[in-house]
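Asker: Take a look at what Swiss-Prot says about it:
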type	residues	note
ACT_SITE	Lys166	active site, proton acceptor
ACT_SITE	His285	active site, proton acceptor
BINDING	Asn114, Thr164, Lys168, Arg286, His318, Ser370	substrate binding site
BINDING	Lys192, Asp194, Glu195	Mg(2+) binding site
MOD_RES	Lys5	N6,N6,N6-trimethyllysine
MOD_RES	Lys192	N6-carboxylysine
Amino acid sequence: SVGFKAGVKDYKLTYYTPDYKTKDTDILAAFRVTPQPGVPPEEAGAAVAAESSTGTWTTVWTDGLTSLDRYKGRCYHIEPVAGEESQFIAYVAYPLDLFEEGSVTNMFTSIVGNVFGFKALRALRLEDLRIPNAYVKTFQGPPHGIQVERDKLNKYGRPLLGCTIKPKLGLSAKNYGRAVYECLRGGLDFTKDDENVNSQPFMRWRDRFLFCAEALYKAQAETGEIKGHYLNATAGTCEEMIKRAVFARELGVPIVMHDYLTGGFTANTTLAHYCRDNGLLLHIHRAMHAVIDRQKNHGMHFRVLAKALRLSGGDHIHSGTVVGKLEGEREITLGFVDLLRDDFVEKDRSRGIYFTQDWVSLPGVLPVASGGIHVWHMPALTEIFGDDSVLQFGGGTLGHPWGNAPGAVANRVALEACVQARNEGRDLASEGNQIIREASKWSPELAAACEVWKE
């Protein structure tokens, strides 16, 4: 017959290719697919590959004007999920040509843009991505990375300490700056704007930036250490965001901050480029991540958002605390913590890593442990996260019965005690509480903190 064969045809005829050998330049995705009852897994997997690449619901004559074989996504492997009924991991390979260079935005629009509302699927979750070297190389990545940050701050051989200034909303700029000064003076390396502190009626951004810079320089002069405050540059428009970053640079401060999910990847990459060009470190907060990553069977795993951030650019990113949670969660969290810091990460399903990822010397990102932690957690945090991390104690500093500066002292003493004990070969996991107790004998600030938050 003349012409093409019109009509709706099964996706799996075109997009399910179990014999396909993946290319080094392909972007690989692992999806957790929950098909609707009656939809075979091959069809569901193929549908995901089709809808997130070249497919549409019916055959169109313009298909003849291009080479589908060159541009289509392919579902190349499907495996059932152990212990789950009717859940499958579908592996999809995308040819590199489908993506714009250096654009996380375009990568996500393609891979997760449309397909999550697909009728044949009950639920869909993107578990992991393998970014090929050829694509990684089109990104600048983190503005500076772990080593450059240590050199800028002159801080080595230990995790860095931070604190989010609370109450997060309602303080005037001057009182806010005062809290910043007290924490830094007490011994923290960083203080932090809360993620929702942008520029509100009770405290406009410019006033906050000025008072925080003043606090920072005063604390720096008195302690002889380099200090930082994450000035949140997140704003309603990219122009306004850059304006704030420029002002931060003019004040000479070391670091600014961005909410990368609410701000969006385009804004984040823009800011990351500015930060590298102007010597600013960039702290990233993950506000809104749970909207995307909390459901076990739908959405995107945080390790994908973390990989995307390393491409887009950031020097620190919040990544959970691990402490006091389930053992399994610890392995998974350490999996994406390594994906943030290391140059090369092996596939390891027990840690949730579906693909071997080579970052081809893209700088690393410091993971930030933040939320509900206090001095008794210090040994565990030091052991789990190691030196290349930022430990943030908000309430764990400001909640100290004697005030902010003693709270900061308590945290710094606890950290130094843990690092020293570890370097002497002691086991932080089993002797942690004892190490803290010994240290509190000669630090009244730490002793008071130990009283407030029981082990």
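Keep in mind that glycine also has a Cβ here, set from the backbone N, Cα and C atoms.
Structural setting of the listed features?
Answerer: Around Lys166 (active site, proton acceptor), taking its Cβ as the centre, 16 other Cβ atoms fall within 10 Å, counting all chains.
Mapped onto three states, the DSSP output places His285 (active site, proton acceptor) in strand. Long-range Cβ contacts of His285 (active site, proton acceptor) within its own chain (separation 6+, distance under 8 Å): Glu195, Asn232, Met257, His258, Asp259, Tyr260, Ile317, His318.
Shown in sequence order, Asp259, Tyr260, Leu261, Phe302, Leu305, Ile317, His318, Ser319 are the residues of the chain, 6+ apart in sequence, with a C-beta less than 8 angstroms from the C-beta of Arg286 (substrate binding site).
Neighbour density for Glu195 (Mg(2+) binding site): within 10 A of its CB lie 21 other CB atoms from the protein chains shown.
For the recorded site, Lys5 (N6,N6,N6-trimethyllysine), the DSSP three-state label reads coil.
Long-range C-beta contacts of Lys192 (Mg(2+) binding site), restricted to its own chain and to partners at least six residues apart, with a cutoff below 8 Å, comprise Gly162, Cys163, Thr164, Ile165, His229, Tyr230, Met257, His283, Gln392.
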Asker: Near Lys166 (active site, proton acceptor), which of the binding-site residues Asn114, Asp194, Ser370 can be found within 10 Å, Cα to Cα?
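Answerer: The binding-site residues passing the 10 Å Cα test are Asp194.
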Asker: Relative to the Cβ of Lys5 (N6,N6,N6-trimethyllysine), which residues of the same chain, six or more apart in sequence, are found under 8 Å away?
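Answerer: In sequence order, the residues whose Cβ lies under 8 Å from that of Lys5 (N6,N6,N6-trimethyllysine) (at least 6 apart) are Thr59.
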Asker: Quick one: of Asn114, Lys168, Ser370, which binding-site residues lie within 10 angstroms of Asp194 (Mg(2+) binding site), measuring between C-alpha atoms? Sequence order, please.
Answerer: Lys168
Asker: Please work out which residue of Lys168, His318 has the most C-beta neighbours within 10 angstroms of its C-beta, and give that one of the binding-site residues.
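Answerer: Compared across Lys168, His318, the most Cβ atoms within 10 Å surround His318.
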Asker: Around the Mg(2+) site (Lys192, Asp194, Glu195), what further same-chain residues have their C-beta within 8 angstroms of the site's C-beta centre?
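Answerer: Close Cβ neighbours, site residues excluded: Thr164, Ile165, Lys168, Asp193, Asn196, Val197, Tyr230, Asn232, Met257, His285.
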Asker: Let me spell it out: for each of the binding-site residues (Asn114, Thr164), count the other Cβ atoms within 10 Å of that residue's Cβ, using every protein chain shown. Which one has the most?
Answerer: Thr164
